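Engineer: Attaching a single structure in structure tokens format; questions to follow.
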Amino acid sequence: MADSPDAEKRSIDPEIEKGLPAPLADAIRRGSVPEDILKHSHDADEALKAFASHDGQVLQLDEATNRRLLRKIDWNLMPIMCVVYGLNYLDKTSISYASVMGIKKDIGLVGDNYQWLGSMFYFGYIAWEYPTNRLLQRLPLGKYSSFNVIMWGATLACFAAVSNFAGAVAVRFFLGAAVTPGFALLTSQWYTKAEQGTRVGIWFSFNGWAQIFGGLVAYAISKGTTQHPASLAGWKIVFLFIGLLTSTIGVIFLFVVPDSQLNARWLSKGDRILAIERVRINQQGIGNKHFKMYQLREALIDPLTWAFVFYALVADIPNGGISNFFSQLITSFGYTSEQSLLYGTPGGIVEVVALVVCGYLGDRYKNRILIATSGLVIAILGMALIVGLPLNNNSGRLAGYYLTQASPTPFVAFLSLIASNVAGYTKKTTVAALYLIGYCIGNIIGPQVFRPKDAPRYVPAEITIIACWAVCLVDMFFIYWYCRRQNSMKAALRAQPGYVKLENQEFLDLTDRENPEFVYTL
């Protein structure tokens with residue numbers, strides 16, 4: 001314990017002391033830094049090692065330099081992240097286009113076979129989710145992410161060779177396993193908390209652009225193969241085109257996205273150190289490759305972890321159903337199969353606008369959670385229109401479907417909050433893995449609520465979706481309350497007379513709960 005020169009016992013407000021670990025409370029009384037923080041100086045973040053090895057001139061990060069670095073980071077990272085994330089969405093939902101292009105007949109799908117193909121992607125995802133998060137911590141982040149992008153594109157292209165249900169199950173399983181969850185880590189590594197909500201909203205919004213692009217491509221291929229029959233079925237051409245495009249972009253990703261600031265080709269040596277310095281305010285550093293059991297335990301007992309996981313699970317029951325059945329849902333409104341491919345594209349525009357606007361406003365007004373609820377409320381209204389309007393009101397029900405595409409705003413807000421509000425690299429990768437495991441379970445359940453016997457209206461599924469979204473609103477308000485309460489407790493702790501902050505505490509790989517300087521973003 002590093003005591004202050006006049007290490008006399010100090011008093012702590014009893015209400016504050018209730019929320020403190022005993023060693024930290026004792027350290028505050030003695031005017032010293034607690035041992036559990038000091039020991040991290042021997043296993044610090046990669047950022048601290050970078051500063052220790054820097055022996056050049058003193059570097060100054062003024063506002064003009066910060067803006068210059070942010071522009072350079074945005075220019076080099078955001079375009080490739082946006083394109084890859086859009087392709088990620090397109091790869092997993094391309095089966096929805098195939099469902100109205102003849103795949104069911106061609107490979108002999110019967111009964112609930114198609115439902116299980118929708119779910120099988122997430123069985124692969126959930127099976128490899130925790131191992132891939134451990135690999136993201138141990139291996140170079142940029143290179144490992146690139147490998148996954150190339151592999152999931154190649155796997156999707158293999159769908160063109162499928163001739164039966166068993167083959168389709170295998171491809172969907174391995175496609176899920178190949179998906180990399182590293183984008184939230186990249187965002188927290190390169191951007192300050194105040195910048196993260198907008199950036200996550202932008203790259204996630206490319207799900208919407210992918211829906212527009214995919215619908216137009218599928219429609220063009222469907223029309224083309226109808227008018228000019230080809231040796232390959234239209235749905236096979238869709239899988240080949242999207243899969244090979246994804247692998248090509250994965251190769252570009254390898255050369256553009258660095259593993260961290262320390263090996264960014266497009267930054268000078270001085271700018272690399274400054275790029276680390278600019279994220280000091282996050283109280284998180286840029287990564288630590290050592291697994292820390294205490295951080296795993298903390299992740300598993302943190303109420304915030306399970307509030308995130310609960311949201312991902314419940315909110316993605318609707319997502320799993322809609323993303324796999326949206327083409328069939330649109331045909332149930334009275335449109336043809338080819339029209340469903342084209343008429344699904346405006347939903348992508350709604351998603352893009354909702355995500356970008358909510359991301360921007362969330363950062364501007366420093367309240368991502370409450371602003372994100374607006375998208376969920378709009379989605380509930382949209383599903384209510386689908387359920388409540390008469391069957392002959394096709395345009396009104398189609399408009400309702402478009403409104404449901406605003407539903408991802410809270411999921412994206414929480415994805416950005418995992419980047420902003422979870423510190424300690426082992427804890428962050430663990431919480432991210434659990435969040436996406438919840439996402440997978442929800443998406444596995446989702447297609448199962450769209451039962452063949454309920455076609456073509458799927459009313460029970462639609463009512464289930466409304467109920468799930470309503471429960472999610474309650475969970476969002478809990479997360480908002482919990483983060484505000486933690487911030488109040490930490491502010492009171494820092495105001496205690498005996499509080500001591502260790503130099504470079506930001507880069508000691510402390511968790512959000514053990515670092516008194518950490519402030520949760522709302």
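Just so you know, glycine gets a Cβ as well, placed from its N, Cα and C.
Feature list, courtesy of TrEMBL:
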type	residues	note
TRANSMEM	144-163	transmembrane segment
TRANSMEM	169-188	transmembrane segment
TRANSMEM	200-221	transmembrane segment
TRANSMEM	233-257	transmembrane segment
TRANSMEM	299-321	transmembrane segment
TRANSMEM	341-362	transmembrane segment
TRANSMEM	369-389	transmembrane segment
TRANSMEM	401-419	transmembrane segment
TRANSMEM	431-451	transmembrane segment
TRANSMEM	463-483	transmembrane segment
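Let's see these features in context: how buried, what's close, how far.
Structural biologist: Within its own chain, the transmembrane segment (233-257) has Cβ neighbours under 8 Å at 76-77, 80-81, 83-84, 87, 90-91, 94, 97-98, 101-103, 106, 142-143, 145-160, 186, 214, 217-218, 221-222, 224-226, counting only residues six or more beyond its boundaries.
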Engineer: Looking at 169-188, 401-419, 431-451, which one has the highest count of Cβ pairs under 8 angstroms to the transmembrane segment (299-321)?
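Structural biologist: Between the candidates 169-188, 401-419, 431-451, the best contact partner of the transmembrane segment (299-321) is 431-451.
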Engineer: Do we see three or more Cβ pairs under 8 Å linking the transmembrane segment (200-221) and the transmembrane segment (401-419), pairs being at least 6 apart in sequence?
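Structural biologist: They are in contact.
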Engineer: Out of 369-389, 401-419, 431-451, which stretch touches the transmembrane segment (463-483) the most, going by CB pairs under 8 Å?
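Structural biologist: Highest pair count goes to 369-389.
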